[in-house]
Amino acid sequence: MPKREDIRKIMVIGSGPIVIGQAAEFDYSGSQACKALREEGYEVVLVNSNPATIMTDPEMADRVYIEPLDAEIVAKIIERETPDALLPTLGGQTALNLAVQLTEMGVLDKYGVELIGAKFEAIKKAEDRELFKEAMRKIGLDVPKSDVAHDVSEALAIADEIGYPVVVRPAFTLGGTGGGIAYNREELREIAERGIKMSMINQVLIEEGVLGWKEFELEVMRDLADNVVIICSIENFDPMGVHTGDSITVAPAQTLTDVEYQYLRDAAIKIIREIGVETGGSNIQFAVHPENGRVVAIEMNPRVSRSSALASKATGFPIAKIAAKLAVGYTLDEIPNDITKETPASFEPTIDYVVVKIPRFAFDKFPTANQVLGSQMKSVGEVMAVGRTFEEALQKAIRSLEIGRYGLGCDGKDKEVTMEEIRERLRYPNASRVFYIRYALQKGMSVNEIYELTKIDPWFIDKIKNLVEFEEQLKQIAERMSIEEVPKEILKKAKELGYSDRQLAVIFNTTEREVRRVRKGKGLRVVYKMVDTCAAEFEAKTPYYYSTYEDENEALRSERKKVMILGAGPNRIGQGIEFDYCCVHAVFSLKDEGYETIMVNCNPETVSTDYDTSDRLYFEPITHEDVMNIYENEQPEGVIVQFGGQTPLNIARELEDSGARILGTSVDSIDIAEDRERFAELLERLNIPQPENGIAHSLEEAKEIARKIGFPVLVRPSYVLGGRAMEIVYDEETLERYITEALEVSPEKPILIDKFLEDAIEVEVDALCDGEEVVIGGIMEHIEEAGVHSGDSACVLPPVSLDEVTINTIVDYTRKLALALNVVGLINIQYAVKDGKVYVLEANPRASRTVPFVSKATGIPLAKIAAKLMMGKKLRELGVKEKLKLKHVAVKEAVFPFIKLPGVDPVLGPEMKSTGEVMGIDYDFGLAYYKAELAAGMKLPLKGTVFISVRRKDKNDRLLYLARKFKELGFRIIATDGTRDFLVQNGIEADLILKISQGRPNILDAIVNGQVDLIINTPSGKRGRTEGYMIRRAAVDYGVAHITTLAGAMAAVRAIEAVKSRKMVVKSIQEYHEES
């Protein structure tokens, strides 16, 4: 059936900020869908609150609304736009839940908007645990024994009947939020209470724990004519009990017999029909009992998901794009396969390689989080690798993670471990379990014993055993001969099993460079194979490659002039989707200039790894060895390392030493900015102030510096991204503890000590430079005071409290620095303003995480311009104009993962903790800030009770101003004794509430009972389980708005005041840009 002509305007809802469980994959699916719908001539209206996405670019839809994904605000947009249809299946759980709310509020009926892609009933049937269970019974499929509970006593009764352990799964939540595994009544009481609270309909499923069963997923698509295709099967390396987002996964499934696969395939087709997903993709999860083969259906997502992004990248089948076309009435046999151009989408993809996905965790940022993996997702990103064998793909994936490993061990990072530790690490799922399987095999543990401890299928353990045995063989050879003397076939086998040159260098006690030289001398070169959806039965038209060691190279060089762009690797805290955004913009911009673009990246969630973003895509780890192999195969004009965050910069020097040409700002200039001593010299020469500082190599040196410049000081290791291991230190005792710890982690790296400017205002600038001229992209004022990491602070553009003189000084310093560093492309500079004086904190001559936000707020596409400058264009000829004055105000706010990480203190500091960001835009700071907070999931109350408890140094005039404002706005104030005395002495009425240590009912009881609407609690700086910690943690767990800095509270009170007195404006980003 051809496309529908009765609908003209379609609204697409994005997934909002990046959180654990919902990451860049939805930018990828949303962008693909917008492109597909516009290709078909539909008018597209997009709503999403995340400015760091490609989908919110003004070019992606006819009208883009960067507004909170809040039902009332989306209802206003629907009223303004009156779309014919709403497509909610591409924005993750967020969009699905919004579609359900809008339907139930009657908004869709009122404006005659039809849900396409998935009907309301189908969403309900798949997401409501009770309805899903009934549907499975109806079609004769087995499900785990389970029952639905709406309160804790019901949950306990059900579990008693089923027997422990049980899995708790809340309805309508994402990434297992609020869920968990309970082994006894106490644990169940806690998990069920949390789960019921977090579920949109206050419902949890208590399910028989099918722990240790094998877990499989099928990616399925269906059209209106009831054609169903299976795109891909995915097998979880980790058994049931670990959330699939936290499991290592493998595609296609490796350990199913043909009969079992056919059974799952038939079951999946029955399920998608019964649930009634008329069009588009669904992800269906099964558990299979390892001994008796009993199969149970676990759950289904009636939408594009994290797994569908993986399935798309693994097979080359563009699920999101095709889902969008199916939603408007096409059938699968009418849509051509984009990669081959001659087969229709109704051909099921076949693959002749193995794909391995490994999650990336952020436990280094959250040392107090529980690191055992369970049914609630904890990873923040993932990598994918492709190889001809499981062993090769596994080692490449480990190398892609950027956790300092170059494969499965023998890379100079192995630890001495006891059998005791090994058993512990095998029994409890954790991020490094795969390394411990290797240790266990090396110590002689049998495959069967490892299986008993881990329930990981013996097939996988056998493959790891192959690596262990081969490594042993290599080590024996290395005792007898040098790498030069090793027979070629042994080296070839090592490369076929995925060993990196770095690993071989460790085994043969030589350097990576030497291994590379010998390998090439023996004629061992990598070849590239194509991902073409059809095992090479048809010719692929859009090339997408992976490396392996075979004979025939399928990536033949073209004659065009070409540029290579290095991506950002896996998402993690400190380096997220913002950098992918910059890479994609660079690709678009260079295509305009007539270059062939070559993208190198290993993150399956992103737009940069979409088969039709760049001209050629290499799905490879971003390491010196892998990048140089591609460079030699393609021989481009040069490589761009400015856009992928720290990842490409870490290998830039090595690439240059190996003969690659780095485009844009030179490696040496980057080094000046990163190297504290060289940078300080430069600032002195330019006569630009910076905070007093020193560099310590030992504890004694550190104490001496601190005495000289005076506490408080900011201490940190050199060369970091996202402020790893930074701390503000107020006394010598804390300094001693910090330095000792830091020297243990990296003894050879010096430690930087800066005078910490308390209460300074931080300001951040993104600018463009072509070596001769500088154009300021945007000046942002941070809302949180200095000491909160710039990635975690909210910021506002244009600045609201800086005077002309300060702004002119900042502009002047920015120009001087960019020219002195010979920047070609982008530079980001961070300043602190204190008592009217401007200090430079740091400069990064690369794309920063604020580039997308600034581009969205001003309408100047910074990354696109920067890419042209690197290719030799000048700002003058491109006609780029500064827009420092805007009619509107944009606020960027950070989004945090605390809800998914119990035990972590939700307090802001110099170490970055946020996973994503949102933007609020309006004509007034208060309204823009309110929208940003709402978009980040914090709905500021307009009435009710405010609890205030602050540390000693915050008991000042600002606090009094704040409290008076809250009183004027009609709030009741409650406070603990110290803060209350201070308020009352200054004539502000406040009621006393007990501290936790003073008895009951205390502040915790009030939070749990829902008697507090807003919490303002500034931390005392002590570590550990303080009362403040317990209050802040309760705020997160019970969903109460909470603020941990006075500056944040000042902004919040302005926002509340603004919303009570003025109306919020709802306008598309295109309209804002036209006005400025």
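Glycine too: its Cβ is placed from the backbone N, Cα and C atoms.
So that you can see what the record holds, here are the features copied from Swiss-Prot:
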type	residues	note
BINDING	Gln285, Glu299	Mn(2+) 1 binding site
BINDING	Arg716, Lys755, Leu757, Glu762, Gly787, Val788, His789, Ser790, Gln830, Glu842	ATP 2 binding site
BINDING	Gln830, Glu842	Mg(2+) 3 binding site
BINDING	Glu842, Asn844	Mg(2+) 4 binding site
DOMAIN	133-328	domain 'ATP-grasp 1'
DOMAIN	680-871	domain 'ATP-grasp 2'
DOMAIN	938-1076	domain 'MGS-like'
REGION	940-1076	region 'Allosteric domain'
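Put simply, His789 is the one of the binding-site residues Arg716, Leu757, His789 whose Cα lies nearest to the Cα of Glu299 (Mn(2+) 1 binding site). Distance noted between the C-alpha atoms of Gly787 (ATP 2 binding site) and Gln285 (Mn(2+) 1 binding site) is 45 Å. Around the Cβ of Glu842 (Mg(2+) 3 binding site), the same chain contributes Ala673, Phe679, Ile829, Gln830, each under 8 angstroms and 6 or more positions distant in sequence.
Looking only at the domain 'ATP-grasp 1' (133-328), the predicted model's pLDDT averages out at 91. Taking H, G and I as helix, E and B as strand and the rest as coil, DSSP gives the domain 'MGS-like' (938-1076) the counts 67 helix, 20 strand, 52 coil. When the Cα atoms are compared, Arg716 (ATP 2 binding site) and Asn844 (Mg(2+) 4 binding site) turn out to be 17 Å apart.
For Asn844 (Mg(2+) 4 binding site), the nearest of the binding-site residues by C-alpha distance turns out to be His789; the candidates were Gln285, Leu757, His789. With Arg716, Lys755, Leu757, Glu762, Gly787, Val788, His789, Ser790, Gln830, Glu842 listed as the residues that bind ATP 2, the site has a largest C-alpha separation of 18 Å.
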